[in-house]
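Asker: According to TrEMBL, the protein carries these features:
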- 239-248: compositional bias 'Polar residues' (COMPBIAS)
- 482-491: compositional bias 'Basic and acidic residues' (COMPBIAS)
- 39-468: domain 'Major facilitator superfamily (MFS) profile' (DOMAIN)
- 231-263: region 'Disordered' (REGION)
- 469-491: region 'Disordered' (REGION)
- 36-61: transmembrane segment (TRANSMEM)
- 81-101: transmembrane segment (TRANSMEM)
- 113-134: transmembrane segment (TRANSMEM)
- 140-158: transmembrane segment (TRANSMEM)
- 170-192: transmembrane segment (TRANSMEM)
- 198-217: transmembrane segment (TRANSMEM)
- 275-298: transmembrane segment (TRANSMEM)
- 310-330: transmembrane segment (TRANSMEM)
- 337-357: transmembrane segment (TRANSMEM)
- 369-394: transmembrane segment (TRANSMEM)
- 415-435: transmembrane segment (TRANSMEM)
- 447-466: transmembrane segment (TRANSMEM)
Amino acid sequence: MGRLRLPAAIRNLALGPTRAAAASKPPPFLAFRSSVLFIIFTVCLAIFTDIFLYGLIVPVIPFSLTEQAGVPEEEVQKWTAILLACYNAALCVGSPIAGFYADHTASRRGPLLLGLLALAGSTLLLCLGTTVALLVVGRLLQGLSAAVVWSVGLALLVDTVGKGVGQSMGYVGIAMSVGLLISPVIGGAVYAAAGYYAVYYIAFALICCDIALRLVLVERKVAQQWLDTTSDSDHDRASNGNSRSSDISPGAASPSEEKPRSPHMELIKSKRITAILFAVVVEAGLVFACDTVIPLFVKDVFSWDSTAAGLVFICIMVPGFVSPLVGALADRHGAKWTAIAGFTLSVPLVACLRFVTQNTVGHKVLFCALLTLLGATLLALVNTVLMAATTYAIDDEEAKRPGVWGEKGVYASAYGLWTTCYALGGTIGSLMAGYLNAGPGWGTLTWSLAVWCAAGMVVSFGLGPAPTKKDIGSRQTTIDAAAHDSRSAAP
């Protein structure tokens, strides 16, 4: 008997259009499903969903431990910290693995769907878990899902947007800001009004929307099988190749492709990538330090309740809405000077937080003003350009040494390392802030964070120059080559 085969419509729905379907009728609404705007929106929703679900259940976890898992009240704080550590550990370990896997698959869409399955499974375990072990497994799966979403999702954006990498990363920054801002507030309010399970109803509704968009999405390199004719594609590839060759100066590397033994080892050895990753650790440390100490600080100094402590983060998040403009600026002028400006301006702002010490209107206004400016410098300026700088560095090296990253490229692997460093920086920042605030005090903490921020300013000098047309052309040539390989392999 022959092998059982699913109908084409069901197979394409589950796995997406493949290269084997190149000679068939194009999928419905292909132009829309593979459009730049739709892919950006899908990736941003995936990142928003990940962050939103992480923050949504934060107010509920203590009640899950006591009411669902039977943990004694005196051990709730310990297990809450353990669950957070499980998430960060899975994120740190899983991100480079997910990126490496995605760089060796024919499609980014498959790993994204696997990550979504992990997210659904983690949410189900966290909702129904009646033992600490199940909650730990749920938090680990949630970290693995985040690893896939960040490393693969950002790589998919790079594959899609062409020269607008920085601007698209700005939209990712908005998704991050909104998710971080509203998730704890909604989680706490829904739990208080409708109970434990109502929180997870919201979670599963959002996951269903995410599933629908990821199933509908068609990658650009897959869609080109139908959108491009063979002659047009050959002409475009020849034009790109000629353009790249003409851009290389006589003293630069030969246009013949270099075949490194290990593209991923080249990635790790890159001084420019190392500078970016160190800057990411610094930036994440500052953000998570604020998340760790601000709620306790405003409770002790201003006597604010948990609702007010949550709302004060609006000051930090709102400036992030200008991130696309900052990203567009980085696309033209590079990430180095933007990141240097962001870190430099953050140093006095962080240091000045030490002057907020009294429960007066003036001190409250000063505190909120400083947080708003920090949101502009850290989230809008630094975070956005550090995401884009990773692509700039890879493109620049590919333009200088064609083929250095191998046939598959290393975008997902690079963003896997980026995510690992962000999680690592967040862990360092939380521990550092908690220890210093509980020990030496608020004044010492702010000076320490200012010095930490200055380290980011120094290392940002290694982020490299602005992207050029040659860099963008190198990436486009790689994408076109991948699309050509798909068409060539089609029966």
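Just so you know, glycine gets a Cβ as well, placed from its N, Cα and C.
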Asker: Out of 81-101, 337-357, 369-394, which stretch touches the transmembrane segment (275-298) the most, going by CB pairs under 8 Å?
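Answerer: That would be 369-394.
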Asker: Looking at 140-158, 198-217, 310-330, 337-357, 415-435, which one has the highest count of Cβ pairs under 8 angstroms to the transmembrane segment (447-466)?
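Answerer: That would be 337-357.
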Asker: Between the stretches 81-101, 113-134, 140-158, 170-192, 198-217, which wins on the count of C-beta pairs under 8 angstroms to the transmembrane segment (36-61)?
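Answerer: Comparing 81-101, 113-134, 140-158, 170-192, 198-217: 170-192 has the most Cβ pairs near the transmembrane segment (36-61).
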Asker: Test of understanding: applying the rule of at least three C-beta pairs under 8 Å (pairs 6 or more apart in sequence), is the transmembrane segment (310-330) touching the transmembrane segment (369-394)?
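Answerer: Yes, the transmembrane segment (369-394) and the transmembrane segment (310-330) are in contact.
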Asker: Do you know the mean pLDDT across the domain 'Major facilitator superfamily (MFS) profile' (39-468)?
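Answerer: So the average pLDDT across the domain 'Major facilitator superfamily (MFS) profile' (39-468) works out to 85.
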Asker: At least three Cβ pairs under 8 Å linking the transmembrane segment (310-330) and the transmembrane segment (113-134), pairs spaced 6 or more in sequence?
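Answerer: Between the transmembrane segment (113-134) and the transmembrane segment (310-330), which are separate recorded stretches, there is no contact, as judged by 3 or more close Cβ pairs.
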